[in-house]
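A.B. asks: This structure is in structure tokens; I'll ask about it shortly.
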Amino acid sequence: MAVPDDAGREMMEAQSSSGLVLSRKRRRESSTRDSEEGERLGKYPKCTVGLKNPAPFADELLPVDPKAYERVSMEEAKRGTRANRPVRVYADGIFDVFHSGHARALMQAKRLFPNTHLIVGVCSDDLTHKYKGFTVMNEDERYDAIRHCRYVDEVVRNAPWTLSPEFLIKHRIDFVAHDDIPYSSAGSDDVYKHIKDAGMFAPTQRTEGISTSDIITRIVRDYDVYVRRNLQRGYTAKELNVSFINEKKYHLQERVDKVKRKVRDVEEKSKEFVQKVEEKSIDLIQKWEEKSREFIGNFLQMFGPEGALKHMLKEGKGRMLQAISPRQSPNSSPTREERSPSPTFRLPFFTKTSPPPSPRPHHSGARGYLISEDDEDEDVDEDEDEEN
């Protein structure tokens with residue numbers, strides 16, 4: 001099987017990239033709106049892109065023949081090099097108290113060209129203390145911090161303060177990355193001037209608002225706070241280089257702050273409690289007002305001037321009067337004088353007229369009387385007068 005040459009390999013890579021672009025276009029055209037939103041610019045698929053191992057040290061790698069080293073130009077580097085010939089970019093620094101500003105600078109150096117091998121040089125304690133000042137972290141700690149940055153491919157320990165041609169050839173460096181601000185040190189106005197003159201300088205941008213000096217300034221400014229913090233975490237006054245009197249002062253301040261925090265917590269809890277009571281009281285008052293309105297309405301509906309109880313009493317009174325009083329005669333009925341005399345009827349024992357002619361009995365009988373209804377009424381009246 002024939003091995004493709006460099007031109008064939010580049011053509012295959014171009015075809016594969018064009019096919020990838022076409023397949024992505026087809027997926028975007030056939031996918032729904034939700035999938036299109038998920039594939040917007042700036043979002044990445046869920047995968048692990050970081051390296052598993054730290055970057056190796058340069059002195060631990062196998063030696064390479066420096067004669068085979070040939071620099072690439074800026075145009076060739078930007079256009080892209082072969083996979084087995086990455087552009088070797090060098091970035092150096094102190095990297096004390098490694099922070100996001102350092103990481104961003106190394107990220108920019110890594111992204112300068114499509115195929116970049118990033119070499120990072122870290123200066124030793126001796127050089128740093130001589131030219132810049134005392135560091136918080138020692139050189140081994142700073143080496144190890146740089147090794148575990150994801151953008152770094154190789155670490156140079158005890159890096160030189162000024163880059164010499166021999167150092168550039170030894171590590172086969174194509175370009176040097178650093179911010180474009182002149183770096184005056186070691187008796188020079190700009191230690192990277194000869195690199196810029198040689199066309200090997202690749203500028204990066206500084207991250208504003210974050211630096212090692214800024215972090216140290218924060219610690220020095222709030223010295224008492226951090227001393228009390230470490231005393232609280234178990235560090236001794238001797239380890240912190242704090243005198244006996246200052247130690248007692250810090251402990252007293254810590255107790256006072258605890259009391260203040262407790263008082264503040266109690267105040268906040270009391271405010272929350274009062275607020276809850278107010279909310280509940282407002283709810284109760286509103287419910288009481290609603291119930292009272294409902295009760296008053298029901299009471300007026302029952303006992304008011306036109307309430308149901310009045311109608312019930314009127315209806316009951318009418319029924320009682322109707323049941324007690326007799327029915328009145330109609331207005332058109334004749335009076336007692338106008339009425340026709342009541343029909344007479346005869347009592348079998350008392351009659352005023354003589355009986356019709358009939359054979360009289362041999363014994364004498366009682367006389368009969370003719371009594372009308374009027375006479376009967378008069379007799380009843382007479383009997384009542386006699387009784388009186």
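Backbone N, Cα and C define each Cβ position, glycine as well.
Since the structure is predicted, the reported quantities are computational estimates derived from the model, not experimental observations.
The compositional bias 'Basic and acidic residues' annotation in TrEMBL covers 1-12, 29-42. Sequence annotations record features per position, and here TrEMBL assigns region 'Disordered' to 1-42, 324-388. Residues or ranges marked as domain 'Cytidyltransferase-like' by TrEMBL: 90-218. Residues or ranges marked as coiled coil by TrEMBL: 249-276. Per TrEMBL, compositional bias 'Acidic residues' is recorded for 372-388.
I'm curious about the neighbourhood of these features; can you describe it?
C.D. replies: In the predicted model, the domain 'Cytidyltransferase-like' (90-218) shows an average pLDDT of 93.
Tertiary proximity for the coiled coil (249-276) is limited to same-chain residues at least six positions away from its ends with a CB under 8 Å from its CB atoms, namely 224, 227-228, 231-232, 242.
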A.B. asks: DSSP says what for the domain 'Cytidyltransferase-like' (90-218): how many helix, strand, coil residues?
C.D. replies: 45 helix, 26 strand, 58 coil
